[in-house]
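*Asks:* Below you will find the structure I want to go over with you.
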């Protein structure tokens, strides 16, 4: 007789283990599972655990050469989703040995790899991940983190202000640098390359880097404040990306930028290591995130992408506005904003946080609020995001009727007014509009901005 029982397997026999005690070293995942009609929850949950770890669809001879018990993923808990009939949350525990140290790429290849195309499931969404301390410690994380960034920039006690240079495509390098200078001169801390500005025929990267560096040094000299421009180093190859980062370092600028999802985690981690070694801050843009996180029942929630970025490395990351033109529910957004900034985050399902996460002193990331925001939003943004954030007004700066510099002045005056009001104990949520109106009496630039964008 054959030494093992051949044939197609019932996953739940091996991979559904409701009495399993999770280990401190396990990576834990919460999946929202929508099985095909007729597939029981236990089988679907077990299938997810199997397909994203050691399983294959049939019993194989080589299973006998290893210890499945040591290496298999386990579905250890299943709970129904309130208000959804055929949907539930499956909790899966993965032994740490399944993952390469310091590789977000490998972690995702396993956990969100082939399993998302699995036939027995109608849809699958990864809602949250618990990264164990032992695995966190294998990552460098953000190049510098929030405190070091404040020290480098000498800016304390308030959110930082940025602006994306528009029109995003079509300006020459010289005119682009001119727009950068105007914004920084007016009072912003940062300006930003748009995520799709890489190195195109109308503006090659080296020319842009040069003119932007000139603009920020001129603005720095005139304002006495440290200025930055996020130079987008994203490129078609890792070598080209590093070449751009090297040139930024040679120019002596404080910060570069990367599109971490389109560029990929391998490239991102490479750049993050370079940035720490060379004293550059790293701004991260999340272009492509909505492809992955927009669907409610398939894909990955952004909080998982945010956690992955903190491991891979970045000092700023775009994370929605709660107000403005891009969607984002307040509690949920604040949940992953805290995951980015804090050292320790408690499990709290009302904020979408399925697991308690301890970052064991990995530096924090500044959340960036960007997209359709303007001066009237300033009180709400200051209240929601607090000091440790970057508020980015693209059109909200460049759309000012008098030009970029006055637009920058309006934003800076509005921000300083909100911070001062908050420090005096006023309630930004209820008195916000009044605070902006009072400030606009002393600032014609702000008054003009208040006219253009109605409260």
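Just so it is clear, glycine is given a Cβ too, placed from its N, Cα and C backbone atoms.
Take a look at what Swiss-Prot says about it:
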- 166: active site, proton acceptor (ACT_SITE)
- 285: active site, proton acceptor (ACT_SITE)
- 192, 194, 195: Mg(2+) binding site (BINDING)
- 5: N6,N6,N6-trimethyllysine (MOD_RES)
- 192: N6-carboxylysine (MOD_RES)
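Help me picture these features in the structure, burial and contacts included.
*Replies:* DSSP gives residue 166 (active site, proton acceptor) a coil state; it is part of no helix or strand. In sequence order, 194, 394, 395, 398 are the residues near residue 166 (active site, proton acceptor), counting only same-chain partners six or more apart with C-beta under 8 A.
Taken residue by residue with DSSP, residue 285 (active site, proton acceptor) is part of a strand.
Taking Cβ-Cβ distances under 8 Å and a sequence gap of 6 or more within the same chain, the neighbours of residue 195 (Mg(2+) binding site) are 232, 234, 259, 285, 287. DSSP assigns residue 195 (Mg(2+) binding site) to coil, not to a helix or a strand.
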*Asks:* Can you name the residues of this chain that are 6 or more positions from residue 192 (Mg(2+) binding site) yet have a C-beta less than 8 Å from its C-beta?
*Replies:* 162, 163, 164, 165, 229, 230, 257, 283, 392
*Asks:* Enumerate the residues of the same chain, 192, 194, 195 excluded, that satisfy the criterion Cβ within 8 A of the mean position of the Cβ atoms of the recorded Mg(2+) site; list them in sequence order.
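*Replies:* Apart from 192, 194, 195, the close residues are 164, 165, 168, 193, 196, 197, 230, 232, 257, 285.
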*Asks:* Give me the count of other Cβ atoms within 10 A of the Cβ belonging to residue 194 (Mg(2+) binding site).
*Replies:* 18
